[in-house]
């Protein structure tokens, strides 16, 4: 961000304090939700993977319900009251406590399942609400023509932070196999052993410590809105404002059309995140380590895409970036589904991978990784531009309230594409056909975005 990018009274330190929030919070999503603790809970802590998946999905639904119900109201209260940092501080405590509790979810410990689920729900609520309030700060930090760059840089930093913590955990902390060695072939730096899954459980406290360190610049340097009302008055005013917003939805029709469209295509993004691993494991029989390396490559491309997309956002507008990104994701999904062991693009034959061949040694694997990287380049810009788009079209005095509604719309149908995939897969008995709901969701989201106007 250049020196002239900030609004008057906002320092460069203040801008980077805000950007570092994404860096601070992302390891929760990378480690706990995706790569380390989640798989440990499902595969090792629960009695069976089926039970584990059921419990984990249920906890995700509980957290999502809390976020969906409360985020619009809390956003409205924050807009009425003024400052957002106190809310971020409160939910930071939730986040840190929930992540830290995961350490005690060890095999054989009484109530370990419930400790894990409770910690996961509390951490998820803390993380998601923190994002609602930090997103609400964007329009106070930079002019409208710099929002895209700010959002894109934040997303890119988040990708890099999550990637770095994953590398640290996998290469240096988490041991595996009978020899208790990390992927670098060395003992865990913290002396962890495989049998008690200490490395996987440590991902919770590690995410909490990472957050504590890197959220400090936000509180020290990033300016906050002035206080307008006391908490009780702000609560009453926020409730009144939220009711007014819904009763006057026609006045904000453009924003609600965007929220509806983003609800659909963001649901499709959930499927895209799972798509690569599913196809890689099903088609190429990749082990979890290879899937992890593939995920790291996609994280790198996502970070690059988010950063570049943020700059393009300021030049061409967030609507253009979102539409272009969804189009790339639509055709990228088709390309991903067109690859098999011994063919690419449905019909073109190639030599199948060898059982003991090198990493990504076959042409089909190389094309699959290249398509995945191309898809990753589009995911970051769509996420960043969606955040930027809302800042562009929502009324400034209601910005946190609308980010609460943005969180609500993101959770309200987050089960839609996964459930559709499960149903279509069961009916067709074909995993490729089963993944086609992703294409339908992208198509609907794209049509919705074409109806959105790019101004307040």
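Note that Cβ sites are derived from N, Cα and C of the backbone, with glycine treated the same way.
In TrEMBL this protein carries:
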TRANSMEM  20-43  transmembrane segment
TRANSMEM  55-75  transmembrane segment
TRANSMEM  87-105  transmembrane segment
TRANSMEM  111-133  transmembrane segment
TRANSMEM  154-174  transmembrane segment
TRANSMEM  202-222  transmembrane segment
DOMAIN    253-456  domain 'Major facilitator superfamily (MFS) profile'
TRANSMEM  255-279  transmembrane segment
TRANSMEM  291-309  transmembrane segment
TRANSMEM  321-339  transmembrane segment
TRANSMEM  359-382  transmembrane segment
TRANSMEM  403-427  transmembrane segment
TRANSMEM  433-452  transmembrane segment
Residue list, the transmembrane segment (291-309) vs rest of chain: Cβ under 8 Å, 6 or more residues beyond ends.
30, 34-35, 148, 152-153, 155-160, 162-163, 166-167, 170, 276-277, 280-281, 321, 325, 359, 369, 372-385
Residues of the same chain, at least six outside the transmembrane segment (87-105), with any C-beta under 8 angstroms of its C-beta?
25, 28, 32, 37, 41, 45, 74, 78, 112-113, 115-116, 118-127, 129-130, 133-134, 201-205, 207-208, 211-212, 215, 218-219
Please work out whether the transmembrane segment (433-452) lies in contact with the transmembrane segment (321-339), by counting C-beta pairs under 8 angstroms that are 6 or more apart in sequence and asking whether there are at least 3.
yes
Within-chain partners of the transmembrane segment (111-133) [C-beta distance under 8 Å, separation at least 6 from its ends]:
21, 25, 28-29, 32-33, 37, 41, 45-46, 55-56, 59-60, 62-63, 66-67, 70-71, 74-75, 78, 84, 87-88, 91-102, 104-105, 204, 400, 403-404, 406-407
